[in-house]
Structure formats: C-alpha cells, structure tokens
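Here is what TrEMBL says about this protein:
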TRANSMEM  B:12-38  transmembrane segment
TRANSMEM  B:44-71  transmembrane segment
TRANSMEM  B:83-104  transmembrane segment
TRANSMEM  B:110-131  transmembrane segment
TRANSMEM  B:169-190  transmembrane segment
TRANSMEM  B:202-225  transmembrane segment
TRANSMEM  B:237-260  transmembrane segment
TRANSMEM  B:272-290  transmembrane segment
Amino acid sequence: MSDSGNPATGESAATATPAKRDRVFLVVVDDSPERAVALRYASLRVRNGGGRVALLRVMEPAEPMFWAGVGAMMAEERREEAEKVLSGLAAEVQEITGGMPILLIREGDPREALEALLAEDPRISILVLAAAADGGGPGPLISSLVGRNAGRLPLPVTIVPGGLSDAELERVT
Amino acid sequence: MQVYLPIAEMSVDALLLLGIGFGVGWLSGLFGVGGGFLLTPLLILIGIPSPVAVASGANQTIGASVSGLIAQWRRGNVDVRMGLVLLAGGFTGSALGVQLFAALRKMGQVDLAVAIFYVVVLGTVGGLMVMESVRAIVQRRRTGGTPKRHEHFWMHGLPWKMRFRKSRLYISVIPPALVGFAIGILSAVMGVGGGFMLVPAMIYLLGMPTSVVVGTSLFQVVFVATNVTLLQAVQTGSVDVVLTMLLLVGGVAGAQFGAAFGSKLRGEEMRALLGLLVLGVALSLLWGLVRRPDKLFTIGPLL
C-alpha cells in the first residue's frame, strides 16, 4: 500500500536487443477484450519500426480492512495477480518484437494513475488505446483522455479500433 | 426527543439512537464490516435490555452488508458455492443459536450469557487488533514480510471433498460448514453478522484467496443475519421495530460517509483506535459483571 508512490516499483528493464529507436509505446492492460488489439498494434509497430512496448497494469486500490494482516495479504495477492498478467502478456510481446517490454504496475484509479505516469515518465512517447468495438462508447479511458483535455496531453495518443483483425493490423502497421 | 420503544418497553432519545447508528454505520462503511459487534454492546450500555439489543443488533448488519454484497457481486468476487456451504452451516447454527437464546431467556440468564460472550469475544478481538496495529505502526519503516498461510492441514484428509472453482480450492465441505455453523451461533447469541470473525477464518482456516473472501463472507452474513432477525422476531418476539428503524436510518447514512472516507485514511491509526474502542466496550461490560449492583435485590415479574 505504502510503496505505490515509488516510481521505481514493478519495473523490469529489458536488457535484450537494443532498440533501433528509443520510442516507447505504452499500452494500458485492463480487462477489456480490446486490450489484445492495442497490444498487438503496439507490438507490430515496434517490430516494423523499432522502439519498445511498455505495459501498464493499474491495480484496484486496497480498501481498508478490519484486520491489518488480511489487508496486507490482500495487497500482496493483488500484486502477484498483476505481475502474473503482465508477465503472460510480456511473453506475447517478446514473441512479436523480440524484446522484453517495460512492465509497470500502479495502484489506484486507472485514469489518474495513467496521467501521473505520463507526467513523471519521460521515456514514454506514444500512448496506444483501443476503442471498444461494440456500440457502448470507446471506453472510459479514451472518453476521459481524448475529450476536452486532449490539447493538454503530454504526448500523442493512437486510438486503435477494437474490431480490427490481425490482417488489418498488419496492413496499417 | 424521547421516543418510546414498544418492545424494549422504555423511552430513549431518538437522536442518541440515530447517532449510534450513524457512528457504527460509519465504521462499517470504513472497514467493510457489519458493525453489530459494536452496536449490540453499545445498546446494552445505554440500558436497552440484552434480549432486545441482541435480537435487534443482527438486523443492523443486514443494511450495511446488502449494499456491500451487491458491489462485490458485480465485480464477481462472490464464491457462490462456498457461500452456500457456509450458509448451510450458518442456517443450522443460527436456528440452534436462537433456541439456545430462547432457553437462556426462559432461565433468566440472557444478560449474563450475552455479557460473558461479549467480554470474551470483544476482549480477544480488541486485543488482537491493538497488537496488530502496534506491530504495523512499528514496522512501517522496516519491511516486514506478511505471514504465509498454512499450506497443509489435518483437514485435508476429511471426506466429502468438493471443488470450489472461484476459491481455487478442493477441500472437504466439513470445515466450511463448521465455520458457518459457529458463526451462525455467534450471530444468534450476540446479535452480530459475524464478518469480523468469518473473514480471518476463511483465509487462515479454509485457505481461500483474499479476493473472494469479502464478497463471500457478505453473502453468508446477509442471509444468516436475516434468518436470525426473522427467528428472533417469531420465536422470542424481541425485535423492536422502532429501535431497528432508527438505527438503520443512522446506519445507512453513516456507511455512505465511511465508505467515501475509507480511501483517504491511514489504516493503522484508525484500526488502533477501533481496537481500543472495542477493548473499552469489553471492559465496561466486564465491569458491569463484577461490580456490586446498586440494588442488591430487585423484585419484578418473571417472563
């Protein structure tokens, strides 16, 4: 709980293949079906044009528990869960790009955590978000980031339609 | 503003009841517990007869637990199968507990039994909480490892194994049913939901993952507390509707504030304070047990 403010937590820098260009595509790993599309798009861009992929997983904030021991165990299990998700996706990214992605774990509200990360981490150059393919709007992150505040973002945002097939993704990257 | 409580047969300040409901609701929103374990002794301390306080106390936890259960259900954090096994034990335990309560009442020993139960349970819980918080505050600077749960137990040799997919467990149904049973008895005799005991039991005894513990315990608490209130109303006739309504109104409002407050607070200090409060309540009940009564002999109608 207390170490969430530390910018160094949860990162494992890759040592493999030096990138041709040091641009970094940030993909937010949530539980939506379209995250796979964003991830694939970013990986293909890196494979074709160089750079690296960064994966951000935002954990639910720990709610206070009646028993401190239970709360500590809960925080630990959430962290393990997040690490498991990220390392699974990291293997996918590595298969496509040949390099290990940067893994980032934050805690709190997804939008706030993302904005804080963008403000403090100068390595990230492009944010890749996938829009939900079904009719219910593009998803909460896109609507809040690319609305009125779009002009004040610190970096360009790429929005990938969630319905693109693998072949179409190959074509546009 | 005095109101007359028809079942408790006494007049109480309505604002006091609203305030108690609010305070307990605030704590329950803050820590995600029902709060019955504080409400019932507080009611006894302001002079509500124990049978009424206990019978009406379980009802308070329903209000707080239902909204919590809905939130957890939406996030898919309820292991329904485990909940049903716990509930089978819980229904049996609470039905038996109400019988026990009715028998104690007939013998005229309810006050004593409830007070002893509370002194023991609150004393233990309060002591553990204070210890835990002190340790956490001391350790904040150092990095302390969290205790690992046991991986193997004698209970893994028990028959009637069942697969609980959400909890990622393959265990006998006997331990969860027994845990549910014990909580059911406590719920009936003490007028609590029992979540504060159920959650650690699920983690440390049953080995459930923490992500489903809160939702599943709320599932059990909602139904067992409903069962207790219903049985107490039917069998002992000691649920006071005016009392429960006033407490619920205060409780629902308080829980909203508590939940909104929860993310902004440091857990350890709050927990230490709550532990001290719990210990204080236990001590004042203990004092009531051992002090020399104001009137050594009283004459009154037997129930």
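Numbering starts at 1 and runs along the chain as displayed.
Even glycines carry a Cβ here, placed using N, Cα and C.
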| Would the transmembrane segment (B:272-290) count as touching the transmembrane segment (B:83-104), i.e. at least 3 C-beta pairs under 8 angstroms with sequence separation of 6+? | no
| query | How about the transmembrane segment (B:237-260) and the transmembrane segment (B:44-71): do they have 3 or more C-beta pairs under 8 A, pairs 6 or more apart in sequence? | reply | yes
| message | Ranking B:44-71, B:169-190, B:202-225, B:272-290 by the number of C-beta pairs under 8 Å to the transmembrane segment (B:110-131), which range is first? | response | B:272-290
